[in-house]
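Worksheet for the structure shown next.
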C-alpha cells in the first residue's frame, strides 16, 4: 500500500517540480552525487526509472521574489537584473555554482543547456563554457533599462507586436529581445533601443510586470501660479508626447485667466470649457483661484492626457467629476470647500461643444483653430466669451502664404505690420464663423506675440449683430513700395482706379503695378478699453505681476494715447475711478455693463442703447496698423528717441501710442508722408570724418530747436543729388 501511495504521489510531485521557480527564499536542493544516488537507490521492483533533473521554468525570473505572483507569471526569463541571476537559471542552484563542475563530458545525460537557447543550437559539456556563453552572447549585448537587462533570446517564442487590432503573429523569428514594458518582441538591438526610447518619450516608464509599490514615477512636477502639475519627461516636445506643456505660454494662460475673472464679475456661476486640456493647467488655475464662481470642464481626446489631468486635479486637492460621478482622492479634500469641481471629459472638442452650452470657451489646438470655430459658436450663450489661441504662426506671419489661403481664405504678404495683420486675419475667421450661426462678435482684445496669436471676442446673438459684424470684414490695399495701406471703401461698385484710395503717389512715380490687395481682414477696432481696465484690476487683485505691463500697453494702445500722458496710477483726473487702490482712466465709451449689480441681464432696450452708443463713438476707435520707426528712418540722419518722437507727433495734433505688436512700432492716425516729414524734422545729421574721435555729440534730449536743412541736404536725404 505504501508503494502504491508513492506511485500515486509521484506524478503530482513531478508536476510541482516542473513549475517550481528557484528563488532566494526557497532554493531548490541540488541533485545528489552519483555515488550517493546508487547507495540509496530503491529496488528495481518498487522504484521507477531514474528521471532527469527537471529543467528550470523558462517563463519566470528568480530576481523578482518580492514581486506579486501575477507579475512573475508574465515577465520573461530573458529579463534579469544581474548576471548571477542568469547563471542561476542555467545551473538551477542558488548556492555554489561550482557544484556543477563535477559534470563528466562522457556522461551525455548531464549536458548543460542554455536557458535562452534551444537544445539543438547550443550544448555545453562544462560549466565554464556555459558561463562564457551566457556572458558573451546573452549578457554582453543586452539592453539595460532602469536596472534590468533585456538579454537576447534564441528560444522559439511567440512574436508579439501590439497593435490596435491585436497581436500580430508571424511564423519566423530568430534572435530577439523581449520588451520589459509592453512584452513586444524586437529582433534588432538598435530597434530595441529606439522602442524603449519611445516608451520613455510617451511617459510609459512603468513596466506592466512590476507592482505599483516598487515602480517609481518618472513624471516631473512643475508649479505655475500656485498650481502644481505633473508632466511627462518630454512635455516640451509636442510631436512625441501625449500631453504637451509649454512654459513659454505662461503669458497666454495669465491673460486668459484675467479675462475669465473679469467675466465672472458680471454673472455667476460661469460654465467654462478648456477644449484642449493637455495637462489641465489652465482649467486648474480657473477652479483653484476663482472657486465656486466657475464650473470648469477640461476636455481632451487623448486617454493618457485625461489620466494625467485627473492626477493633477488630485494633486491640487480638487474634486474630479467623470461621467457625472464624483471621484475624490480621499484625504485632503475636506478643506477645499471653496474650490470648484472639475469635470474631465474625453471626447472630440467639436462633439462636446455641440452637446453642451458654455459661457466661456477657450480653444488652443495644436495649429490652426478654424476647424473648431463653427461648433464653438453653435451653443455658446449670449454675451459669452470665446477665446482662440492660434499657434500656426508660420501661415499667419506670411511664411507659408498658401497655408493661410487654404485655412483662412485670405491673401497676405510679409509687411512691417505682419503681427497685427495676423490678428485681423484670425478675427475675420472668427467673425465669419459667428455670422454663420446668426451671431455677431465684439472684439475685446487681440494679442500677437512670438509664439501665438490670441483673440478674445464677446458673442452677440441675433441676425442684426451678425450683419453688422460681417460688414466689418474688408479688403486692404497695400503699397509695395512705401508700405502705405488703407482699407477699401464700402460698396460693391468696381472703381476705375483703386490706386487713388492710397494716400501715397507711388503709382504715378513708379512703373508698373505698385499695390496689392490683402485680405479679407477685420477692419474695426481690436480692443475694448473698459474690459481691459477690468482685466488690469483682476490681475492686480490676484497678484499676476507678469501680465500687468502687457495689459497696460493694451490699454494705452486702445486709447491711442502715449504713456506719458495717461497713467493708471495717478488720480489727477476727475474722470478716473479707483479700483482696489488702482486709478484707471475712464471715458464715456469704455464702460459697457450688460448685467446689473444683482447679476441679472438688463432689458433689450439697454442693449440697443449700448449698441447705438458704440456706433456713435466709432470715431474714437484706435487707428488701424502702425509704423516701424527703424523701417522709415532716413539715411544719413540720427532719428530721435522713441519717447521724444511720440511727443512730437502728439504736439503736431496726431493721435499716437506705442503698440505691443512691435517694440519699435508707433500707432498713429498720421499718414506715412506726415510721419516721415515729422521724423525728418526732428532728426539730426550724422557726424562724419570731420569730427574728432574723442568728441561726443550732444544728446538728443538737449536739442531744443529742430535742425533746419538746406535744399541740398534735403535732396541728399531723399536719395537724390542736385547738380
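Each residue, glycine too, has its Cβ placed from N, Cα and C.
S-adenosyl-L-methionine binds 253, 348, 349 as Swiss-Prot records it, and from the list 191, 300, 467, 490 the residue named for this site is 300. As annotated in Swiss-Prot, motif 'Nucleolar localization signal' covers the listed stretch 128-132 rather than the other ranges in 113-117, 118-122, 123-127, 128-132.
Proximity of residue 506 (Zn(2+) binding site) to non-local residues of its own chain (separation of 6 or more, Cβ distance below 8 Å) is seen for 479, 481, 482, 484, 514, 515, given in sequence order. Within 10 Å of the C-beta of residue 479 (Zn(2+) binding site) there are 21 other C-beta atoms, taking all protein chains into account. Mean pLDDT for the domain 'Trm1 methyltransferase' (220-679) in the predicted structure: 84. Mapped onto DSSP helix, strand and coil, the zinc finger (177-199) counts 11 helix, 4 strand, 8 coil.
Residue 482 (Zn(2+) binding site) is surrounded by 17 other CB atoms, counting those within 10 A of its CB over all protein chains shown.
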